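Chemist: Take this structure, written in structure tokens, and hold onto it; I'll ask about it next.
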Amino acid sequence: MFIDKAKIHLKSGKGGDGAVAFRKEKYVPAGGPAGGDGGKGGNIIFVVDEGMRTLMDFRYKMHYSAENGENGKGRMQYGKDGEDLILRVPPGTIIREEKTGHLVADLTQPKERRIIAKGGKGGKGNVHFKSATRQAPQFAIAGVKGEELTVTLELKLIADVGLVGFPNVGKSTLLSVVTSAKPKIADYHFTTLTPNLGVVRTKRGDSFVLADIPGLIEGAHEGTGLGHEFLRHVERTKLLIHVLDVAGIEGRDPLEDFEKINEELKLYNEKLSTRPQVVAANKTDVMGENENLKKLTEALAEKGIEVFPVSAATKQGLDELLDYVSIKLKELEDTEVELEEVEEEKLYELKEKDTNQFTVKKEDDTYIVEGDFLERLIMSTNFEDMDSLTYFQKVLRRKGIIDELKKLGIEDGEFVKIYDVEFEYFH
């Protein structure tokens, strides 16, 4: 099972409701308004953690909620803001909105932070609604709902060098002897199901991150086997070490394998076909008398690709291979791996829709009006209080709802329904 993709549900905190409260003072109607504002809802923030290597944590928990803001209080006391929820992810994590597929964030830098779900604003207390004609407002405004969305997390492995090749050619063994990584090693296809990372330190004193990319098979670019998941990890490496079995233990032709794997890389992503490569001709310790190595070296020399005879089992030839890779990486230092462009405008779509958007439709003899801000307004209105009712009507006019009802031909005596509240319309 791959641990490089996960789907999770996010819900940021709701803003706290404004309070209806009054002071106790002489000669002030009803004591004067003193309801404080609600606190802001908590954000959900993703932070890059260099110590993480997988999305394993998100396999065991799928729902994440930030804290709601506290409601306002009397004596003009504001509610406390909800605490932000911090979710830590490995470097290289891509976040997409599951519903639309839009790219929300591409997190690569250490300690990089990104707000993915923004907390709702706190509501206004009744202290804000006092006027010359409204001395003791009996209403306040509810807090705004937090954003709620499902996202897909995708980990694109960040490594300097990737080991590619068919299953069972010795990639995991190679990684284990040149780094401190301890991948599972066995003689069967698809041995490596998740990428393994290790840090190589050469005798020259250089170091780089090496990734054992899970094995490929023909048809991988179409998703055959575990193809798409495997190929996804190759995209951000600067250089590839193509591991081939020159001993031909399973009857394979190393040159044919080289061509097949490169064709899969090209079909998956055209840019991968131009990624610098070096070949590790592995299992020379059990090669015996065959022409595979000579044939391979001559054919790849025409393509300008270096071939290093090695044995991961005996460590023969590995120092020369790693020194070459280290030098090559220095030549590629200025090469930047292309990242997908982050669509910044997609970050707070849900928040933007809360402000003024509404819909009006007629069903039978009733006009149905809906909108996020209207749900808030209904929750905030005291329909037994004339001041509150007057404010409610004022908002309907200011937001253009009355004009829209008129365009649809509403007449006096017809019914309007806004969520759970239904009333007769009179001009």
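Cβ coordinates come from backbone N, Cα and C, glycine included.
Predicted, not measured: the structure shown is a model, and the values here were computed from it.
So Swiss-Prot has the following annotated:
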BINDING   165-172, 190-194, 212-215, 282-285, 311-313  GTP binding site
BINDING   Ser172, Thr192  Mg(2+) binding site
DOMAIN    1-158  domain 'Obg'
DOMAIN    159-330  domain 'OBG-type G'
DOMAIN    347-427  domain 'OCT'
Chemist: Tell me which of the binding-site residues Lys171, Lys283 sits in the most Cβ-dense spot, judged by other Cβ atoms within 10 Å.
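Modeler: Answer returned by the neighbour count: Lys171.
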Chemist: In three-state terms from DSSP, label Ser172 (Mg(2+) binding site) for me.
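Modeler: Ser172 (Mg(2+) binding site) sits in a helix per DSSP.
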Chemist: Going by DSSP, give the three-state secondary structure for Ser311 (GTP binding site).
Modeler: strand
Chemist: Which value does the mean pLDDT take for the domain 'OBG-type G' (159-330) in this predicted structure?
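Modeler: Summarising the domain 'OBG-type G' (159-330) by its mean pLDDT gives 78.
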Chemist: Could you tell me how many residues in the domain 'OCT' (347-427) are helical, how many are strand and how many are coil under DSSP?
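Modeler: Secondary-structure composition of the domain 'OCT' (347-427): 34 helix, 18 strand, 29 coil.
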Chemist: I'm trying to understand the geometry here, so how far is the Cα atom of Lys283 (GTP binding site) from the Cα atom of Ser172 (Mg(2+) binding site), in Å to the nearest whole number?
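Modeler: One finds 13 Å between the Cα atoms of these residues.
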Chemist: Select the most exposed residue of Ser172, Ser311, where exposure means the fewest other Cβ atoms within 10 Å, treating these as the binding-site residues.
Modeler: Ser311
Chemist: Given Ser311 (GTP binding site) and Ser172 (Mg(2+) binding site), what distance in Å do their CA atoms have, once rounded to a whole number?
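Modeler: Counting only the Cα atoms, the answer is 12 Å.
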Chemist: For Gly165 (GTP binding site), just count the other CB atoms lying within 10 A of its CB, please.
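Modeler: For Gly165 (GTP binding site), the count of other Cβ atoms within 10 Å is 26.
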Chemist: If one measures from the C-alpha of Ser172 (Mg(2+) binding site) to the C-alpha of Gly165 (GTP binding site), what distance in angstrom results, rounded to a whole number?
Modeler: 11
Chemist: Within 10 Å of the Cβ of Asn168 (GTP binding site), how many other Cβ atoms can you find? Include all protein chains, please.
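Modeler: Taking every protein chain into account, the count is 20.
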